[in-house]
Amino acid sequence: MSPVDFGSRTAVLRHGRFSVRFRMRTALMCAALALATVTVAILALCLGDLPLSPVDVVSALLGSREGIAHLVVFEWRLPRVLSAVVFGAALGVSGAIFQSLTRNPLASPDVIGLSAGSYAGGLVMIIVFGVGAGSVPVAGGAIIGGLLAAAAVYLLAYRNGMHGFRLIVVGIGVSAMLEALGVYLILRAKLEVAMVASVWGMGSLNPVGWAQFVPAFAVVAIVFLGLGFLVRPMRQLELGDDAARSLGSRVEPARLWLVVCAVALTAVVTGAAGPIAFISLAAPQIAQRLTRTAGIALAPSALIGALVLTASDIVAQYALPDNLPVGLVTVVVGGGYLVWLLIHEVRRRR
Amino acid sequence: MLGLAGAVGALIAAVVLSIVVGSNQLGPDELWHALTAYSGTPTDQVVVDLRVPRTVAGLVVGAGLGVAGAVIQALTRNPLGDPGILGVDAGAGLFVATGVLLGAVTPVQYLPFAFLGAFVVTVLVYLIGSAGRGAPDPIRLTLAGVALAAVLTGITTAMTLLDPVTFNRLRAWNAGSFVERGFDVILPALPFAVVGVVLALICARPLNTMGLGDDLASSLGTNIVRTRVISVVAITLLAGSATAIAGPVAFVGLMVPHISRWIVGPDQRWIIPYCVVIAPVVLLVSDVIGRVILWPSEVPVGVVTAFVGAPVLIHLVRRAKASSL
């Protein structure tokens with residue numbers, strides 16, 4: 001018999017007219033996760049062909065211009081590590097929004113076809129319009145592809161209301177078609193373009209420099225700020241449409257904006273680094289288990305996403321004899337987690 | 001019976017189409033010459049050494065995938081069953097890659113690895129998908145398959161990227177196509193596929209009664225455990241031999257049993273023979289489409305079947321009553 005939940009300890013911060021109320025456990029967990037992410041990020045900055053000590057890295061970050069550490073950290077490693085942190089956070093939040101909206105832990109962008117849509121959209125830009133991987137037009141194509149895929153999956157899965165099972169299977173079908181489209185496009189392309197597209201299509205942080213990171217970061221930052229206004233309706237939507245309406249939320253616009261934000265987050269990451277699988281599925285679930293919240297929480301999901309992607313990128317670069325695309329590491333880790341989740345749910349239901 | 005005759009007619013048409021159509025357009029007299037009086041001219045070589053094996057590969061792989069799909073759907077009472085969707089292909093792929101890493105060179109040596117992989121993943125997906133007892137839940141089964149397929153494909157890709165030799169050997173195989181599949185691959189796999197079809201036919205009757213539910217089936221005298229074991233062995237042999245020849249090809253095993261059921265109704269004793277005939281038709285026609293759509297280069301047949309099959313999957317879940325087994 002599980003212990004009775006009497007609610008959790010909360011703390012309130014007040015400053016003038018504003019007050020913030022948060023759960024102690026969530027806050028502590030977030031602090032711990034942030035610390036872990038920073039530690040892993042510094043580790044990532046230390047590793048490479050030219051190993052640096054953490055002291056060198058930290059002093060270079062704090063503005064010391066001595067030696068080669070400054071150049072190595074700022075020009076070579078920082079864009080990649082910052083991308084891992086920011087993209088991981090974006091994917092975690094994107095998954096959290098979808099899982100909250102559908103009230104289904106499996107309805108993440110990877111499973112319901114949005115990632116595949118972004119992938120196909122980006123691929124069309126690279127192959128048909130010949131723009132370079134990781135550029136702004138690719139991100140634009142990824143956003144359009146993601147939104148179209150979202151609309152297609154929603155319309156195809158809608159029949160006398162929305163049903164989680166249909167949503168997921170329709171998503172799997174749409175993903176399969178879009179991936180087949182990707183193979184077709186790559187076959188059609190010239191060899192050089194096809195190779196660029198293939199590397200991009202596996203999801204890798206290799207080609208990410210400041211030029212790719214800065215625009216992507218700007219979009220992610222704007223979306224995160226916008227989400228500040230949408231958190232309250234999101235919480236209310238979790239109670240059901242009727243309850244949300246009676247609490248004063250405008251249900252349909254709120255849902256639409258949440259979907260747009262979530263698609264934008266996945267698509268921007270896909271545009272810059274290619275499809276990085278299963279972070280958006282796993283991060284919110286891990287966050288919910290760690291913080292033991294009732295619903296899906298955004299901040300812990302973002303931090304877990306950042307931590308997992310940064311750590312995965314270290315594994316992808318250094319754990320094996322060759323440098324692998326990070327998407328392969330996350331697909332194994334995240335897919336394995338999905339399998340575990342399925343087994344776990346079976347046990348609980350018995 | 002009339003339906004089966006029609007299906008066989010369609011199969012013959014598909015075989016002819018598969019031999020006639022290609023990047024090298026040939027007239028009927030040239031074809032006839034190549035098939036009846038092979039004299040080693042380039043045209044003869046194209047027909048006899050490239051198109052005939054390719055067509056035979058389509059026949060074997062199609063029958064294997066179609067029947068495997070029918071048995072999976074009947075065994076799991078899940079209308080969305082397919083060796084590709086459930087990750088059986090991906091499992092075979094991972095084990096074949098492991099085999100290549102361990103030194104397997106010829107496609108004949110791929111076979112045991114493909115069977116082992118198909119078997120392990122079939123059992124694994126079944127265990128994850130079912131709640132341990134009774135029939136597995138379709139959604140859980142599908143998801144378990146998709147997740148396992150993603151993980152296994154990821155590991156396979158990583159292995160091939162790390163080892164250029166493996167990558168090179170498996171590049172053509174991994175695409176899911178019939179290009180350059182000679183009789184050296186097809187003939188060793190053929191007996192296993194035949195045994196698989198025979199086992200599936202033996203299971204047909206017990207699978208029919210199991211469709212009524214396990215309790216009713218055992219009270220009607222069906223040995224449930226034996227049927228499950230034989231079915232899993234049949235799926236392993238069929239999907240394993242198909243994958244060993246062609247690499248992963250999804251959605252054929254999903255579509256064809258539904259087409260068969262639509263023609264003959266829910267009797268597995270008829271569905272399975274129909275699958276043997278109809279699945280190669282679907283696969284050969286897809287292969288021909290793949291040959292002409294990007295002429296003069298080719299699209300792998302697995303890509304074409306995904307384009308054709310994914311809408312079928314979507315249509316199946318959109319129906320008011322998803323299951324009609």
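Each residue, glycine too, has its Cβ placed from N, Cα and C.
Just so you know, TrEMBL annotations never went through curation; they're auto-generated.
Marked as transmembrane segment by TrEMBL: B:52-72, B:84-104, B:110-129, B:141-162, B:182-204, B:271-293, B:299-317.
The stretch with the most CB contacts under 8 Å to the transmembrane segment (B:182-204), chosen from B:52-72, B:84-104, B:110-129, is B:52-72.
Using a cut-off of 8 Å between Cβ atoms, the transmembrane segment (B:84-104) and the transmembrane segment (B:271-293) share fewer than three residue pairs, counting only pairs 6 or more apart in sequence.
Residues 3-4, 7-8, 10-11, 14-15, 17-18, 21-23, 54-55, 58-59, 61-63, 65-67, 69-71, 74, 177-178, 197, 200-201, 204, 249, 252-253, 255-257, 259-261, 263-264, 299-301, 303-305, 308 of the same chain lie 6 or more positions beyond the ends of the transmembrane segment (B:271-293) yet place their CB under 8 Å from a CB of it.
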